Amino acid sequence: MVMSSYMVNSKYVDPKFPPCEEYLQGGYLGEQGADYYGGGAQGADFQPPGLYPRPDFGEQPFGGSGPGPGSALPARGHGQEPGGPGGHYAAPGEPCPAPPAPPPAPLPGARAYSQSDPKQPPSGTALKQPAVVYPWMKKVHVNSVNPNYTGGEPKRSRTAYTRQQVLELEKEFHFNRYLTRRRRIEIAHTLCLSERQIKIWFQNRRMKWKKDHKLPNTKGRSSSSSSSSSCSSSVAPSQHLQPMAKDHHTDLTTL
């Protein structure tokens, strides 16, 4: 009772809301039409088809954007589904646009040529370049000399004397420590060696013999003798000049 009297006596204004019928008839929802929800014209038992019929390629060109000028777009409703990414909505009975045709399959030869680089030959036909061999990479010995090799001086190999050759050379060295040219040639032919090998062996054997007998080297002795002779020649003139200086000094004192 108190609540109703307060609302009557107060200046509270009762809001005037339009009835539901007027709101539906003149409002935003009424402008959409009776078939906005897609069930007024077709009935409650309408079932949209599950699969759209696929048209032939002759009916509609590739990449069609929509229906012709004579056809009208149906009203948008909840019972319709979008027809494509371009914003075109197709009715359930309207055929959807044809998907793009797949590109033609290339030929096997053309595919292989396109994948491979034309500048680079295939791996099977790649030409193998020969390895570059420089002169310093070649190992040449005296026994196996390449006649076509025109590089630097060939490297000499160490001669391996047999037991019989060493025995004959030791026997010859016991009688003669120095060989003549004629005797060296004879020994070289007998032992199947070269004159150079015989000469080098005797030089090494003489050095070993001097070392065993503790004899001075002939080269060192010759150098020491030459140095002593030069010293004696330089001292002799100074000794000769000393008496002459004394005589000259006595002459000056007498005057």
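Note that Cβ sites are derived from N, Cα and C of the backbone, with glycine treated the same way.
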Residues flagged as motif 'Antp-type hexapeptide' in Swiss-Prot, choosing from 7-12, 19-24, 133-138: 133-138
Composition by DSSP (helix, strand, coil) of residues within the motif 'Antp-type hexapeptide' (133-138): 3 helix, 0 strand, 3 coil
